[in-house]
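J.: Sharing a structure below in structure tokens format, with a few things to ask.
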């Protein structure tokens, strides 16, 4: 065996060994991160399925079944019975379904407004020439920096004043629009930014072709630009939807009627401060997490792509 | 930014006068760019004026007046100058809340940034099951803050909490520890929970930033024999600066406005150990809405102070990290 051959052999072995180690380390880290991220959800699910007698013990059981060797055979041994009792209580005691529907209405409408208005403004700021363009963009982005709480009290006062007037349904207490309009405004700069960044990446030839084919500028916008901006629309819709679904301070302040509460407020107000019915709370929490988990599984690629377009090119 | 001009330059370069003329004619016939821009931007500007800028001005205005009376909305309030601010600044609870918010913000955000960057470097690779792993790792970000608070309140329950359970099993604790009933421990717990939740958001932004760095830079660095660490220090970090700026602003401002987490986790307690500035403001505004004393006036003053601090923080970040020539 020549010197070169043997050298090549050892280095290949080393590389293989190093590769295996690296791979183990890599998958180990990923597994650790996934576990750290998802353990609380697992624990909530497990707690929600436990009977009360199992919930308030220490130490707690980690699995409903264990495997024991009995008569030389591996057998499943039940540690505690699983029950849906907590779910029944949660649904009977509080309108969890109603809360979820309220959240869905508010979040969808907010996402819709931000997609439409954000696309319009983003298009103007990216593709049109007009005076004071930079100033307009800076004003819109500046709104991001303003704390939500400094907008809470005036809007609350406004809602009280408009209660019972013709504007009540638009901005009174316990009106969906009373949450939708502020949420849409708070996320608007973000929507405009995503669309502006996205439109900046589109080739100018796209519009020229449309104009030469006899479309008006408005026609170009609706027939050409909007159809190709689906990715930006999806990203904006998803991120705004998650924001509106999660918001708490405004929802707590503006929705005083139980039937109008969103899921975050509904769950925050479950149970008293000192005597918490943890079985039903964990059941309600888990029900609120299911739509989110489905949402994340379906849309996470879009979220990552959208961030790439919006933030990466900032 | 200058795409429409580039388009025209292209056409002039083509030298097709006819095309240019036709384009101009269409513009004349239909609507000018300026008119279209005004039409497209008006709704957004009106929205921001009504729901973002007017309320800020009104908050400052209200902070200089006596309290607003809900039962008598028509009753005029009285100008009192800086009286509300004097009351605010002489309130020990306000300074405590400021300290809690500053600790919470400036401990959690840097840790999240470092963890998030590490996580992003991990998630950048292609691997089997990436889709599920990414969805699972990003899940905490999508979790509503107040529901997150409820989850951790159960996990950290003083008597039956699973965190105590695990720590007892591995031998770190000998008995369940009431994390949320000891002032210091409660603040650390709240900060840790936020790090748990938002590291995934940081990772998301960092992932976006990383993917905008062209691969050929790494390739040529590798050919020059640069180590992984050199590549990270000399390519990744400098090119990631704009992303880091965005991430810091995106995280610091919300962290400074934390409300749902202390509300759902501890209610601000024990005592005032986890009462953040916004929780203080909300309590000042809604828990003592007397006609002349405190209430919305005191809340408005606190909200104005929060706005000022938030703007200063944003300004400091932009001044120290912004480099216009990077891109």
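Yeah, the Cβs are placed from backbone N, Cα and C, and that goes for glycine too.
I grabbed these lines from TrEMBL:
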type	residues	note
TRANSMEM	A:24-46	transmembrane segment
TRANSMEM	A:99-124	transmembrane segment
DOMAIN	A:100-299	domain 'ABC transmembrane type-1'
TRANSMEM	A:136-156	transmembrane segment
TRANSMEM	A:176-199	transmembrane segment
TRANSMEM	A:220-245	transmembrane segment
TRANSMEM	A:278-299	transmembrane segment
J.: Flag the pair the transmembrane segment (A:278-299) / the transmembrane segment (A:136-156) as in contact if three or more Cβ pairs fall under 8 Å (sequence separation 6 or more).
T.: no
J.: Which sequence-distant residues neighbour the transmembrane segment (A:24-46)? Criterion: at least 6 residues beyond either end, Cβ under 8 Å.
T.: 62, 64, 282, 285-286, 289, 293
J.: Same-chain Cβ contacts of the transmembrane segment (A:220-245) under 8 Å, 6 or more residues past its ends?
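T.: Cβ under 8 Å, 6 or more out: 103, 106-108, 110-112, 114-115, 118-119, 122-123, 127, 179-180, 183-184, 186-187, 190-191, 194-195, 198-199, 202, 206-207, 209-211, 262-264, 292, 295, 299, 302-303, 305-307, 309-310.
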J.: Hey, which bits of the same chain come close to the transmembrane segment (A:176-199), Cβ under 8 Å, at least six residues off its ends?
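T.: Apart from its flanks, the transmembrane segment (A:176-199) reaches 102, 105-106, 109-110, 113-115, 117-119, 121-123, 125-127, 137, 140-144, 148, 151, 155, 159, 169-170, 225, 229, 231-232, 235-236, 239-240, 243-244, 247, 250-251, 254-255, 260, 262, 306, 309-310, 313-314.
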